[in-house]
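Encoded as structure tokens, the structure appears first; notes follow it.
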Amino acid sequence: MATERTLAILKPDCVRKEKVGEVLRRIQDAGFQLCAMKMITMSKAEAEGFYAVHEDKPFFDDLTDFMSSGPCVPVVLEKENAIADFRELIGATDPDEAAEGTIRSDFAGSIQENIVHGSDSPSNGQKEAGYFFPEHEIVANT
């Protein structure tokens, strides 16, 4: 099976709750390689650009307000079957529906403030990683 790339964003609620280290430890313990990482505060326009796929949805403004409300940590991850494995690790978008022991079940407070973003497909993983990191900043693990 080929190595896949996915993008995680440890959201502003993760940073506010001081859970960044614990979430990263869980990600690494699950076998993911960290290939790029930085702490940023997205502008409203940057959040709108990243989440443009949702611009027609009723939650778009609240989502982009939240994502630009404070620091977040985008992280490029690689692993075989990265997309599916990461989505399993983080759990359902709604923490009340997330399986016990998942990151969202353990740390998230709501559907919006759900600790972490994860890419939903290999093509989106590549595209989303490129939104935050030029290719020369991504250190592929061999």
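Backbone N, Cα and C define each Cβ position, glycine as well.
Database features, via Swiss-Prot:
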- LYS11, PHE59, ARG87, THR93, ARG104, ASN114: ATP binding site (BINDING)
- HIS117: active site, pros-phosphohistidine intermediate (ACT_SITE)
Discussion item. My understanding is the cutoff is Cβ-Cβ under 8 Å with a sequence separation of 6 or more in the same chain; which residues meet that for ASN114 (ATP binding site)?
Written reply: LYS11, ASP13, THR93, ASP94, PRO95, ARG104, ALA108
Item to complete: Measure from the CA atom of the residue listed as 'active site, pros-phosphohistidine intermediate' to the CA atom of PHE59 (ATP binding site) and give the result in Å, rounded to a whole number.
Response: 15
Discussion item. Between all pairs in LYS11, PHE59, ARG87, THR93, ARG104, ASN114 (listed as ATP binders), what's the biggest Cα distance, rounded to the nearest Å?
Written reply: 21
Discussion item. Among all protein chains shown, how many Cβ atoms are found within 10 Å of the Cβ of LYS11 (ATP binding site), not counting that one?
Written reply: 24
Worksheet, complete the sentence: Quick note, the residue listed as 'active site, pros-phosphohistidine intermediate': same-chain residues at least 6 apart with CB under 8 Å of its CB -> LEU7, ALA8, ILE9, LYS11
Worksheet, complete the sentence: Per DSSP (helix/strand/coil reduction), ASN114 (ATP binding site) sits in coil
Worksheet, complete the sentence: ARG87 (ATP binding site), Cβ-centred 10 Å count of other Cβ atoms over all protein chains shown, is 16
Practice prompt. State the count of C-beta atoms found within 10 angstroms of the C-beta of THR93 (ATP binding site), not counting that atom itself.
Written response: 15
